[in-house]
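*Asks:* Sharing a structure, written as structure tokens. Questions coming.
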Amino acid sequence: MTKYIFVTGGVVSSLGKGIVAASLGRLLKNRGMSVTIQKFDPYINVDPGTMSPYQHGEVFVTDDGAETDLDLGHYERFIDINLNRFSNVTTGKIYSAVLKKERRGDYLGGTVQVIPHITNELKDRVYRAGKETNADVVITEIGGTVGDIESLPFLEAIRQMKSDIGHENVMYIHCTLVPYIKAAGELKTKPTQHSVKELRSLGIQPNIIVVRTEMPISQDMKDKIALFCDIDTKAVIECEDADNLYSIPLNLQEQGLDKLVCDHMKLECKDPDMTEWKDLVTKVKNLSKTITISLVGKYVELQDAYISVVESLRHAGYAFDADVKIKWINAEEVTESNIQELTGGTDGIIVPGGFGDRGVEGKIIAAKYARENKIPFFGICLGMQIASIEYARNVLGLEGAHSAEIDPSTPYPIIDLLPEQKDVEDLGGTLRLGLYPCKLQEDTKAFEAYADEVVYERHRHRYEFNNEYRQQMEENGFVFSGTSPDGRLVEIIELKDHPWYVACQFHPEFKSRPTRPQPLFKDFIGASVQAAEQK
């Protein structure tokens with residue numbers, strides 16, 4: 001029978017529940033378990049697709065085109081699995097589904113209520129995740145903080161599941177904070193005690209408490225937490241702040257988190273083989289080189305908006321024994337006169353995806369500077385469109401060339417709306433989303449990176465390169481190294497007379513893994529390392 005683990009959080013948000021859930025998933029997978037994982041978000045939006053990155057951070061896209069929470073990126077990178085649309089559930093999705101059923105008459109005239117209709121729908125989403133993947137274990141992270149009014153239906157639903165399927169098939173892990181009070185020079189357990197009290201008042205007794213802390217906590221403190229929260233002392237797991245996220249699974253394993261889970265759920269687990277993961281952590285701690293990559297974007301104040309890009313750069317760095325430092329550059333502040341100063345000491349420039357006109361001209365200047373000064377350049381999604389516009393303006397001499405998204409009246413719409421998007425009115429869930437094939441042209445940097453003729457990458461865009469300008473661009477040294485199999489959609493562009501200048505319409509950052517870097521990121525960092533060594 002499938003087992004279900006629920007990860008909740010208390011005291012404050014942003015405790016790292018997602019990292020704990022992902023780490024546990026990795027540990028159980030290495031014990032031979034088939035694992036899937038999902039995130040429940042209590043907000044009323046149907047998905048984060050139309051939310052500002054300042055509100056939510058990155059929107060992570062799955063193979064099947066779901067726009068999801070950034071925690072799914074952590075899940076995929078840690079556990080090395082591909083998730084799907086069942087892996088992210090929001091209040092908006094739940095209420096939408098229930099209301100559709102009510103309109104169809106599925107409830108036979110009954111009064112639709114939070115209990116049982118909303119809670120039943122929530123439980124169904126948990127069970128469905130297991131059925132769709134045939135997983136041994138389903139891990140579900142409950143977003144928000146215990147005590148939030150938005151989370152109450154979610155907590156009630158997972159409370160009911162213990163009675164529905166038996167206590168040995170359900171486990172609750174609660175993440176809390178033990179803050180350090182600098183003036184007193186003490187760690188305090190009281191917030192944890194109150195958070196668990198709140199959770200227990202809702203009918204949920206945690207089996208394990210994971211304590212986030214700035215510094216090691218004493219055994220006496222663990223004993224105190226165990227006493228007041230009515231759990232075994234061994235079930236109080238310390239999660240100290242870490243410089244390297246990938247060391248956390250090893251930290252949790254050392255304290256027996258995965259063994260506690262296996263014992264409680266009566267799982268027949270083999271001994272975990274963490275050799276590859278230990279080698280990764282050792283490598284990360286002993287990188288011998290350092291390079292700097294300038295990231296030119298519009299959301300740089302909130303670095304979570306680019307979290308998969310940053311992690312992908314780091315993964316690629318590991319392959320070259322290089323620590324990748326990010327120089328965050330606000331595209332709105334970039335001008336022709338300061339671009340050299342802003343990117344000083346840079347070994348490579350990356351322009352990631354985005355929407356809207358803010359900062360676009362700064363990104364175009366960055367692409368031009370990288371092209372003219374032979375600095376390795378990588379453009380992603382909007383970054384590819386930016387590179388195309390810059391080349392059209394400054395090499396082909398098409399003054400005023402732009403994207404129809406940014407300037408609908410441009411005389412040269414190098415980037416235009418996808419034909420199937422012309423009659424679309426709703427913004428949410430209507431982009432070109434998910435996994436699509438890309439056919440590569442031989443004797444190009446893209447083909448060299450992938451060493452394959454056809455590759456599959458995840459997309460999230462509404463605009464595309466305008467084929468009316470393809471021949472003109474090709475005749476002037478612009479290389480279309482990747483297209484859709486029918487040749488209609490441009491997927492990858494690059495320059496011949498440049499050490500490494502490549503841009504893609506898709507989002508390669510969504511498929512990178514710490515032990516298996518994404519090919520384009522790997523070659524970009526390889527070129528940047530080479531550039532650094534030649535200085």
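Indices start at 1 and increase along the chain as displayed.
Even glycines carry a Cβ here, placed using N, Cα and C.
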*Asks:* Given that Swiss-Prot annotates Y54, G354, L382, G383, M384, Q385, R462 as binding L-glutamine, state which candidate in E333, E336, E405, E442 belongs to that site as well.
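*Replies:* Answer per Swiss-Prot: E405.
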*Asks:* C-alpha of H507 (active site) to C-alpha of E405 (L-glutamine binding site): distance in Å?
*Replies:* 19
*Asks:* Taking the Cβ of T192 (CTP binding site) as the centre, count every other Cβ atom within 10 Å, in any protein chain shown.
*Replies:* 27
*Asks:* For the recorded ATP site formed by S14, L15, G16, K17, G18, I19, D71, name the remaining residues of the chain with Cβ within 8 Å of the site's Cβ center, in chain order.
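*Replies:* For the ATP site, the extra neighbours are G9, V20, A21, H74, E141, C175.
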*Asks:* Please report how many Å separate the Cα atom of L15 (ATP binding site) from that of G383 (L-glutamine binding site), as a whole number.
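*Replies:* L15 (ATP binding site) and G383 (L-glutamine binding site) have their Cα atoms 32 Å apart.
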*Asks:* What does DSSP say about Q193 (UTP binding site): helix, strand or coil?
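*Replies:* The three-state answer is helix.
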